[in-house]
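Starting off with a structure, shown below.
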Amino acid sequence: MAAKICGGSLFLSVKTQQLLLHHPPPRTTTKTTTRFYSSKPSYPSSPSFNTSFRSNTFTVFSQVASTASDLDSAVNAGQQRLSKVPVSNIRNFSIIAHIDHGKSTLADKLLQVTGTVPQREMKEQFLDNMDLERERGITIKLQAARMRYVFENEPYCLNLIDTPGHVDFSYEVSRSLAACEGALLVVDASQGVEAQTLANVYLALENNLEIIPVLNKIDLPGAEPDRVIKEIEEIVGLDCSNAILCSAKEGVGIIDILNAIVARIPPPANTSERPLRALIFDSYYDPYRGVIVYFRVVDGTIKKGDRVYFMASGKDYFADEIGVLSPNQLQVDELYAGEVGYLSASIRTVADARVGDTITHYSRKADHSLPGYEEATPMVFCGLFPVDADQFPDLRDALEKLQLNDAALKFEPETSSAMGFGFRCGFLGLLHMEIVQERLEREYNLSLITTAPSVVYKVNCVNGDTVECSNPSLLPEPAKRKSIEEPVVKIELLTPKDYIGSLMELAQDRRAKFKEMKFITENRASLTYELPLAEMVGDFFDQLKSRSKGYASMEYNFIGYQESDLIKLDILINGDHVDPLATIVHRDKAYSVGRALTVKLKELIPRQMFKVPIQASIGSKVIASETISAIRKDVLAKCYGGDITRKKKLLRKQAEGKKRMKSIGKVDVPQEAFMAVLKLEKEVI
């Protein structure tokens, strides 16, 4: 081992340090300390804590050595995770956290420490299968993993049900939490409580889960455990006297977390004698086996070969294969109450086995289904058009295949005079829209044009009918409509106090109604508004981050529809309506939006042989106008002299030709102009 003693200090080469990390010295080599593994909050203040953690290398090594026997026993136990344990030794838990607070890293470390995933197969973000998840650092599709852990010489089965963290997938999060008895609340020790931390905690509390606070990233120089624990207690109202300090990246505190899961999360109820009821918390499409269903058995038992019935969809199938997720699929013959597993039954469409549905036996049906089932409702719509018209059949096939894996995606054919054939697609939110578009382009090699996102409006007609309208071109005529209602969300902004003014200004510009402001700590405030969803689907999030220098976070939820003074803004080019550029806007913003669109179109449309007027109108009233001047031939060039009447005659003749050309001429708007205007719409609407 290469070591050098200099002035009483011991310096280790990089290679030696790496060897020590992977092969720590035996327990007897150095005196151990348990300060960094303590689950009690009796820790020093953050500056000295960070210094000691980074400088006292041998202390860390000796700690790893002191828990080496625990790690070895955990790894050995992990190899036998298919063996059955009593229901009292099952623990079902989830991890909830804000984006980038270390949820995926902690899940990786739990899989590694329990021996669920061998070291040679381990990689970062192990449960995030898609490249898109790894690049963006977010969880899009949830996963489940069964771990085996020995605590006080008793084997336990730990079922981790991972959750996506973004608000767009809050329904999937709620179904995942309904399948658990407890949750790890992971909070970044340097950033503190964020908006989605609160939203997910409230979901967990609604499901009566036991919540274990975990402070992650304590090895960072800016970590402030004291401040963050105080924040959690004040904002969330959780008792943090037994909060666990950990660093998922460094492997500190992982054994404490596993012990807390066993000791503090209650086991599921033993209801194996009742009729089968199992909650579906996820499903995906396999091209060879059909739909694979992830479920939690709440009551009864399910065996391979049973005929099962889906209570919401009314379909029945034979269970060809059942098993557990560990995290790969491992077949078993039977699953009983409290266990988590998967089911393959040659199901052809994801719609037959939606998230939230209840599985029961066909011959012995349960009296009632499990509560909370909902159909996924799209909130944001946009048009998807192929750049090359020949790719339209490929786009249709790609959307059909993607819908097999994503039951929340809705689409229908749409025709545009500017962009040809395409599809009108519905999404859960903006992030869902971005992900679907990127997956279509990457996985199916398509080049797409996306129109400006819009929301679903409810139009109350004079004859008493109510029409849902997601496309401005489908809006009834002004004489037929009585009023228009738009979707409204309740939005909560968490921000340092220095940026309260600029965020209030942003909210007021977007027609938001102020509800309340409260200081959750001395330096952080919470702002609550009611905001039209149409105002948020543009660049609201980008503006929020830029105005707060990245420190603010937001969380929103849909609260209903409200009547508003909305109008349809039409764009006319040479007197002809251009439907793809029509938008639904608030009357107060109509002039600014119309002005911006006409100015941009004047720059983008090429000059013609005749004068081209570009107009923005509300009904028959023009509110903004620009004119593209004609390309003119100099007909006076040959008139080097002579009477003025000769020149007037030539100019009059040219004007008559231009007038005749304008009446029969057609302006072709280039595709680049549409793409640029659509981008502009996203910014100004």
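Glycine too: its Cβ is placed from the backbone N, Cα and C atoms.
For reference, TrEMBL lists these features for the protein:
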BINDING   97-104, 162-166, 216-219  GTP binding site
DOMAIN    88-269  domain 'Tr-type G'
I'd like the Cβ neighbour count for K103 (GTP binding site), meaning other Cβ atoms within 10 Å of its Cβ, all protein chains included.
25
What is the average pLDDT across the domain 'Tr-type G' (88-269)?
79
Taking each of the binding-site residues A97, D100, T163, I218 in turn and counting other Cβ atoms within 10 Å of its Cβ, which one has the fewest?
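Minimum Cβ neighbour count within 10 Å, taken over the binding-site residues A97, D100, T163, I218, occurs at D100.
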